[in-house]
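Feature annotation from TrEMBL assigns transmembrane segment to A:12-31, A:105-124, A:131-149, A:155-172, A:193-218, A:238-259, A:279-298, A:362-384, A:393-414, A:420-442, A:454-476. Annotation source TrEMBL lists domain 'ArnT-like N-terminal' at A:16-261. Taken from TrEMBL, the feature domain 'Protein O-mannosyl-transferase C-terminal four TM' applies to A:324-494.
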Amino acid sequence: MKTFLKTYARFLYPAVILVLSFGVYFTYYGSPQAMFWDENYHVASAQKHIDGVMYMEPHPPLGKMLMAVGEVLFGGNGNVDKSKLNETDYLNGDQAPPQMTYKGFRWPSVVMMAISVLFFYGILRCITQREWLAAAFTSLVIFDNALVIHSRAAMLEGIQMFFILAALYYFVRVATDHIHEGKKILLRHYAILGVLIGLSISVKVNGMILVLLFVMLYGVDQWQAIKQWQWLPLAQRLAVTVPSGVVPLLLVFFGVFYIHIGMGSTIMKDRTYKASPEYLAQIRAGNTWAPGTFMIGMRDNWKYMSEYADGVPRLDVCKSGENGSYAMNWPLGKKTISYRWDKNTVDGKTVVKYKYLTGNPVVWFSVLAGIILSSGLIIGRFIYGNAIKDERLFFWICAFTGLYLSYMIAILQIERVMYLYHYLVPLVFGAINLALIFNYVFRDEVIANNRHTIINASLFALLVIGVFAFFSPFTYGFGLTEDQFELRNWFSFWQLQVVR
Amino acid sequence: MNKLMDKNWIFSGLILAIVVLILIRITPESVDPVVKLVISKNRASISNIYQPRDVEFTKEVMVDRLNLLDKSRFSHPKLGNIAGYSDDFFVDVQHRIQVLKGGQFRFMIGSDDGFSLSINGKKICEHLGDRPYSVQPCFVQLEPGTHDFNLSYFQGFGNSGLTVQYALGSDKPRWFGDNSSSIKF
């Protein structure tokens, strides 16, 4: 048995992870049969792709395109009249056909997020070279309540997370192959990375943070030249790697918009989204796939996105029912968002089914602890000149701490109101960082496959799973009484609000 | 000693400490069962303590003392919302008290909304309708021996809460349910 496990570990771990992930993400994802949060926007937009209706939106269109694919393949709404969806950008629950299901629209986010945990596992497996360590820390993304509730919906983050983790995995794979096996980093590696980053940005523009991966890949690629400061070879390499990465990125981004503009062949009533007269004329003439139309349409879409972003209000904590929050508070889970609730009185007891965006506190606090530890390690090395015990691992920690901090610094520059789920991307960076910090602290024990260290990692994973299960009523909408709700209201700064 | 300084054992200890903290946090609170409350959910909205009752559900809850105001809600500081409802319910307390030392007692009834207090079948004080949380002193002469304490309370709509304290003469007030040299519950 032991031999069997050792022989097939490289297949068994991913297989078990995939089964667990689908069990958590996929089970009853069609529930509730009603929209919540931004689904009201995205479902309406995705339907416009199906019906060829021109629309503009603050986010790039790839996420909605994939939702449209999901709806066409798995929607099961063949007999439902969805024409109302094309007449609005925000579909009210009252306007939605009552028999309509949302399984198809949610399918891409659910499935892509469930699969993307394999990328997470692969990243840790490549860096740490230990399946058990990678598997234990993959529990951080399978069993985080915030990731699960947000991805089990027709929203953009689950889809984007797939491309983000795919890009990270590809970068780590190429870099570790170069570091461990001496494989050369080729221009096609930059190009493929560019494609993956482009796909991420085509869902939401905050994927731009991944552009830092080009810099890191270049650093790995040219490490010897950087150390010796051979500026001429460095500049020569830069001159070819930048276009190799950026051109595919731009091709993907504009390619997605080309398809979006091409598919928008119908103008619904007076819904023109401030499009220019020449763009509208081209649509009415049936020239939506023409290169000239793309140029005009791209300009108009860009202008719309820009104006929309300018019009989004700022955070107003004094506003009643404000769901937004300061980015600095996100690592502690402040503030949670009530996506929807359904109140019932059963046998005289009030039972409420909540859908609450709240993180798994073990995951979120551990990630924060990991960032504090890694920041201390980096400061100790570069400020105090402390020795490091594993240079490669140290630089991986620098990379993921750097991604986490860069994202948070960038977010802090944005003036519009932001929400807790904007933290999901750095949360994943931080989760990888946490696994690496664990590896760094227990380096010798990890190399030796120390039994106590393996048990500790497993206990940590079990703790994550246990706390996920405890908070799962908020994630899956299981009914809670007020007392049961209060048992889960651990910190006042989460601002959970019981429904009475 | 070496084991205590071992990184693995420190990590195991950390996980154990977190588990213990979580268990403490999620273990439901319990208190001494001293006073019985009969909580009745009314079908119709309530605006007067004496209005005819149309009871939908009734349940009994034991508490340690009549301190049922927390964050402007009918709520026990440890047990939480023991009513399970937020609006339109009655609470009845029928408790036999043993007076150890006779004299003039002061019962401070705090309620949001109305209440009615009788001792030995004699009405002592009341507030009939809605009000924000207010404390009302009720005076009664009690001799040593047993006495029947009957309190009815209702919550209509909005904030809620019920508190009862007692004191003999100028003694320091104590919660109804806490024994003293003058009353045993």
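Just so you know, glycine gets a Cβ as well, placed from its N, Cα and C.
Unlike curated records, TrEMBL annotations are generated automatically.
Averaged across the domain 'Protein O-mannosyl-transferase C-terminal four TM' (A:324-494), the predicted model reaches a pLDDT of 93.
Within the chain carrying the transmembrane segment (A:193-218), a Cβ under 8 angstroms from the stretch's Cβ atoms is held by residues 59-63, 156-157, 159-160, 163-164, 166-168, 170-171, 174-175, 185, 237-238, 241-242, 244-253, 256-257, 399, 402-403, 406-407, 410-411, 422, 425, all 6 or more beyond its ends. Counting residues 6+ beyond its ends, the transmembrane segment (A:238-259) has Cβ neighbours under 8 Å at 60-62, 65, 187-188, 190-195, 197-199, 201-202, 214, 217-218, 221, 294, 297-298, 301 in the same chain.
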